[in-house]
Structure formats: structure tokens, C-alpha cells
Amino acid sequence: MGVEKRINDEEMQPLAERDDKSRDSIDSTSTASISLALLGGANGSAHGSRAARTRKSENQEKYHDDEEEGDLEEGFVPPAGGWSAPRKVSVIFTLIVTLCIAGWLVAFFVLLGRHKDSSKDAAVSQGESNIIPGIYSGGRGGKKLDLDGVLFGNWSPKSHDISWFPGPNGADGLLLEQGGDRNKAYLRVEDIRSRNPGNKADDTIVLMRESSFMVGKRLVRPSKVWPSPDLKTVLVMSDQRKNWRHSYTGNYWIFDVETQTGEPLDPESLDGGIQLASWSPNSDAIVFTRKNNMFIRRLPSKNVKQITTDGGTNLFYGIPDWVYEEEVFSDSSATWWDGDGKFVAFLRTNESRVPEYPVQYFIPNTNKPSRPSEENYPDIRKIKYPKAGAPNPVVNIQFFDVEKEEVFSVDVKDDLPDDDRLVIGVTWASNGNVLVRETNRESDRLSVVLIDAAKRAGKVVRSRNFSSLDGGWVEPSQTTHFVPADPKNGRPHDGYIETIPHDGFEHLAYFTPMDNSEPTVLTSGDWEVVDAPSAVDLKRGLVYFVAAKENPTERHIYTVKLDGSDLQPIVDTKSAGYYSISLSAGAGYALLKYEGPDIPWQKVISTPANEEKYEESIEKNPGLADMARKYALPSLHYQTITISGYELQVVERRPANFNPDKKYPVLFHLYGGPGSQTVTKKFKVDFQSYVASNLGYIVVTVDGRGTGFIGRKARCAVRGNLGHYEAIDQIETAKAWGKRSYVDAGRMAIWGWSYGGFMTLKTLEQDAGQTFQYGMAVAPVTDWRFYDSIYTERYMHTPQNNPEGYDRSAISNVTALDQAVRFMIVHGSGDDNVHIQNTLTLLDKLDLGSVKNFDVHVYPDSDHSIYFHNANKMVYQRLSDWLVNAFNGEWVKTRDPIPHKSLARRALGLINILRNG
């Protein structure tokens, strides 16, 4: 399904002749062209007639709707015999023409001056372009992308998720396989070595033969499964119901592998609505949370013991509340078993002081019947949502002693106070020791606490002030990796690996013993590791990690020894690549994913240190490659732009039929949030690809200051002042593009979603119509006081400590927004993340400022992803249609809809009056 107003012919692109730069380029064929036509006529030349006819044909292009203007130009073609007018007419005529030219020149230099003013904050230079046309692209002769194909996942590469399973006796290379092959059992564990050619042994362990089972008269169909570590039992969840982004509830069952029968996890509650459940490392117990309280069932007993009793609306045990799920753990679990199965650590969250935000749902929910007489009222869900500056949930780590059946906590000297503590990571070591990573509320002071659960004692072993270091912050992370002692292999003490700032970049560090605050730095250089480490080969003392070492837009896989020596790539680093990896429990095998820039593929391989060599291709995406050959995918031009000393990554998407002699409108797309990255070399066919391929526009993305993998200096520059420098980077990049011969600087737009929506509005506000004429903001933050505390205060401090920064970052200068030709805002009314309060508050400011140059659309009951009731398709269709209208000049016409005579036509009318007078 296409966009109604688009025109797909290649020749319908803007022509190079069009060089006007003004915001109103479409409705100003311009005084200059009118004056030149008049002068040509005065000289009796027929050239003006040919120019007018040529101009008219050009104005019938895709991005123009200038038929009326074409008619005006035709009106200036003189009679074949030339003019025969009294001398006074010629004098007046000359004066009028002179005034026209003078007016045009004044306007030109005023506009030129406007463009220079906002450049004073940045020195701009551009790097060389690295072009990736796409080997498989159908090029100029290919079909244009259609929006439905992009939205419905036709261009999503096929991928296989492999769940590596640690063998009961330390065996490496075991895979958990679920479904997929009707000739095999539904749930099974396979040894990767059995797949080698010539190996006839069947080492498969069957866990579940069928994809469903009966419990009494009830049919159970698994939504998720978790085998026990000894592979004798399977924990099964059915009837999964979504809660927030990562969390869900469901009914839980225990399935016996030997008898192939199941029973309820809690025999006393068949419809448990359980929020979380997890196995003991010894396979002899399951701990779970229901209605915010924790329980444990120790097998083979059928009895369930309640661990906590006061959980409820304000108290959570073992699971995160909304803000911790969203901003800290990115997961539904806040429960951690120790490696020996003797203790369970869990998060206790007290939300009693956290204010509520009511999310209203207006569309009747057939799965949730209303009470009589209330069916015509909105359903309201109240969320404990701490906005910036509001009271936070109070959290602390508690422990459950499995043998003693006791809950306890540990007081730590010099620990952060309750109301100024965020728990951002928990990692068990050996012998009941656990490492807890904490920060203060503003996330710029790190405190690492080592607790001995057996002795019920703890101490702060490491602390760091990131505000003093570089003015930055600590990002929450759950990648800390425990490295157990092994004296025979040169490790006399327990230790751990995590990412730390080192010389301005994020690098790997090995801390040993556990209470050592001075690590061995494993990596260094002007590049950064990514979510590292991926795994540690304990036998060989090798650390596997992913890094943006070759280029910030790329990812390659490396190893380094625990002493920091012998850093080696395990994939080709000579060509551009974006890789990810999932390693087996012993790091002897890996699922290697190549994600771009070419067609993605996947392999299961043995790692270089493994003497048993293995390689199996499990996905080459031939269907995707074949489809790409048939379509006109845009070419990607990667380059850098240096603004105020910061080298930033840019990608430009050009239509496959790109002609450098034509003039193209440009759409900027951004996200831009702190630590994020949008410019990568992953294979991706998305809305931006559709805009370039189908609509024929150029699409540019620049990762500005604040984004990830370009060093802490660039990332931390935005702290306390979100939006300011990021907007400068968008504006300066747009100005640089506007100077290119193939770009129509009079038709430039910007769009983004979420943080990108905020940045769209902030850029339009800061630009005040000088560079960008149009913008589209989806689910935008408009005032950081309205967003959640943990995310916002990490980058902005609290409103109490930085009131001026919050004032500056809010979208408030509606006079500046009014300088754009037009912008659009869309939002889901059921957004639990970026509340519609953001958009409504901005609309009120726009109304108070009598600003009218915007459109707004609300999607009923949609959350932040905007999916409810066909909304996702509709929001992208709306973006596409609106953009076509913008670049066709529809919004320019609405600015001055009253019919009027142009200056030139009035001049011609005056001449006719004088001639006839």
C-alpha cells in the first residue's frame, strides 16, 4: 500500500536549476525570476518565452505544486512585436523593475545573514565519505520499497536464538532447542559436537516430547520454559500476560522429564498470576513472586513457604517496580541465587512515598469487563511513577537463608543513605560473597559494596566520583562478570571484570581480589568496549568482548588475556562489519552473528582456543538477498563531520536513482539520547529506507554530542543541559548539507521518536526556521520535569539542584517554533513511559502564544510504541503523507491562503492602466 500523493517516476526529482534557499521557496518563484522575465521582455527577446515554458514543465515535478505560479510566468511573455508604450510607461516600468530587484537583493542578504548568525557556536569540517551501495541492491532498475513491506517485517533478517546450556557435569557446547522440527521432540538439549559430519551418535536429551500437556482436565501450552540445571525437571509458564515493557504474569507448572507429566508450581493456587520464578543452582528449589510477595518451594516437597508477607501496592519483593524495570535492570527480575544455592538475594522496593500517575484507557477492553454502570467511563491504571525531583522508591538488598528459612539484611558502614541510593547491579561470587553496585540518586558517585552473606557483614570496597572525573555519570549495567579463584591457572583469588572509564573511554578492568580497588586494565585506546565482557574462558584465561575498535559505527569480536596482553580479533577487521556473539558456558563454542552492512548471516563456531574445530552455517538469509536484488535500496554514505572539535558520525541515504544534477529535499532522522547510537553499519531496511527509496528524498542521520561510542568527553558534554549541544549538531550538519549542490536547502525536515521527538522540537526551537522548515515529533518529552527520575537526573541532576538547566531544556520558546513553516506532534494517550502530559502541556503553550503552524494527532490507548488498534501502521502512514505534503509546499500555502496579486502582477496591471490611460 502506497502513499496517495507520491509520484514514483525518476524524472520527477527536483532539478539542479533550483537554487533558492529561502524557507518559502515554493511560493516564491521569486522576485528575481519575475524581474528577469520583465527585463527579457523589455529587450524584445523570445528567450523569456522558452524559459517560461521550460520552467512550467519543471514545476510539475513530484515535490512541487506550482501550477498557479507557472501561469503567472506565462503572463509575462511579451507580444511578438515587442512593447509599444509611451515613454512615461517605460520610465515607470524601469522604476518598478529596479525596486523589485532591490527588494529581492535585500531579502537575499537578510536571509544570508540569518544563516550565518547561528553558525558562530561551531566550527564545521567534513570527513571523507565511505559509500556502501549494497552488493545486493536492485539499484536504479529495482522496485521501490513499499511501506507495508517495511512495517510488516518483510525486511527483517531471519535469525536463530541459541540458548547455550551448562551441562550438569561441566560439559560445554550444549544447546537448548525448542520446537522447529516436527520430527524432533518439542524441547531438547543437543550437544553441538553431534552435528559434525560423520558423527552418528545421538546425544540428544529429550525434555518435553510434546508442545502441550494435561494437568487434570486443563491443557497447558508453554509460553516460556526453563529446564532445571540437572535437566530432570522443566519450569513452564503458560497464559503469559504482558505487564510493562519487560514484565509479565502467568501460570507456572513443574514438568517431570522422566514421567512427562506436569503439576502446578503452587498446588494450592492453579491460577497463580505469578510474576517471576527461578531455579536454584542445585535444581532442588524454586523461588517465585506473586502479588509482590516472595515464596519458595523446595523439591520434591509440594509445600510452598511464604518468604515475605507485607508485599502489596507499595512494597515489592524480588521484582522491580516500573522505574527500576525501565531504567535500571531492563528486566522483570530482581532476584539473584548464589552459586551454591544457599542464599537468595532480592530487591526490596518501598514505593509508599512515590506519587501516582493515572494512565487512562478510553477504548473498552473486552477482556476486562466493567462493573455495571461504569462501562462508559475510562479505565484508569495508577502507576507509581517518580518524576524528576519527586520522591524515589527506597530500595535495599535483602537475603533469604534457604536452610534457616530466615530473611535478613546487612548494614554496611559508609553506605549511601536510603533516600539517595540506587541499586544498579548484583553479582554473586563464591562462599556466600556478593558484590552490590550502587550509585547516588544523580548517578555520579559509584559505590561498590562487598557483602558476606554467611557472616552477615559487608563493606564498601570501591567508590568513585564521576562528577569530579569528567562531569559525567554512571550507566546501570548487569555485565559484571565473576572470575573464580584457580591457583593452578594463576588466579589465587576471586575477582571480577567490569567496564570502567579509562583515559576518557570505556574499557575492561579486572579486579582481584574482590576487595581490590586498583584493577588490571585489560583494554585501552581511543575506542570503547560494548556491553562487555561477553564471556570468560576460565581454562585458558581469555576474555571475550565486543568493541567499536575499528570505527564507532562497527562492532568486532576480540579476546584479551586476564593480564591485559595479547588482544586479538576473532573476526575479520579489515572490512566493515557489525558482529555480535553469544558464547557457550565454557566459552568453547559461540553463535556468531554478522549483522551488516551486507546481508546478515549466522554461524555456530568453535572459538579459536578450542582444539575441537567446528563451524556450521545456520542462516544465510537467501530470501532477503534475493528480495534486495529486486528493490531499489538506497545507497549509504558514511562520513564524519567535526563540530566544535567533536568528530561525529553521519550516514546519508540517497535514492538508488540519485542524480547529482538535481535538487533533493532532505529529511533528518535522529534519536540522540545519552549513550545511544543510531548511525551503525547494521543491515537495516526501515522507514528511513522507505523515504529514500519510495519518496525519493535524501535522509541524513548524525549522532551528535551525548551519543555513544565516541568517548566520554563528547558524551558528558550534554550533562545538565539536554538538547542544547545536540540541537547545534543537527543544525550545523543540516547547514553543511544545505551547501551541497544536490540539496534543496529550502526543503529540509527533521523527525524523531521519544528522545528523538524531544530533539526534533528542541532543534526547531533553537533553529527558529533558519535551517529546518519542517519537523515531526512522535511521543516527545517536552519538559524533563515530567519524565522519570532515574533516567532524567542521571543526565540533568535534580530540578532542585539544576533549575536553570531544566528551564533551558524544556520546549518553551513557541515564538521560535512559529518561525518554522510547520511541524507535527503525535502521541499515544496510554503512554506509560513518556506521558501525554508532555504533549498537552506544550499544546497549551502554543495556544497561549497564538501559534497555529502545527498539526497534532492522538492515538487512543496506545502506549509508547503506538501499536494499539492498527496505530503503528497509521502513524507511519501519517508521517509519510505529512512529509510529502510538506515537501510539495502544501503547508506553505496554508500560511497565506488568501488569494492576492503578486508584486509583479500588480506592476503589470499598473503598466496596462498607464498604457490604456
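Residue numbering: from 1, along the chain as shown.
From the backbone N, Cα and C atoms, a Cβ is placed for every residue, glycine too.
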N-linked glycosylation site according to Swiss-Prot, picked from Asn154, Asn465: Asn465
Neighbours of Ser754 (active site, charge relay system) among the recorded positions Asn350, Asn465, Asp831 (Cα to Cα, within 10 Å): none
Fewest Cβ neighbours within 10 Å, where candidates are the glycosylation sites Asn350, Asn465, Asn813: Asn465
By Cα-Cα distance, the member of recorded positions Asn350, Asn465, Asn813, Asp831 nearest His864 (active site, charge relay system): Asp831
Number of other Cβ atoms within 10 Å of the Cβ of His864 (active site, charge relay system) across all protein chains: 19
Candidates Asn350, Asn465, Asp831 (recorded positions) - the one closest to Asn813 (N-linked glycosylation site) by CA: Asp831
Between Asn465 (N-linked glycosylation site) and Asp831 (active site, charge relay system), the C-alpha gap once rounded to whole angstrom: 35
Between Asn350 (N-linked glycosylation site) and Asp831 (active site, charge relay system): CA-CA distance (Å): 24
Cβ-Cβ neighbours of Ser754 (active site, charge relay system) (radius 10 Å): 20
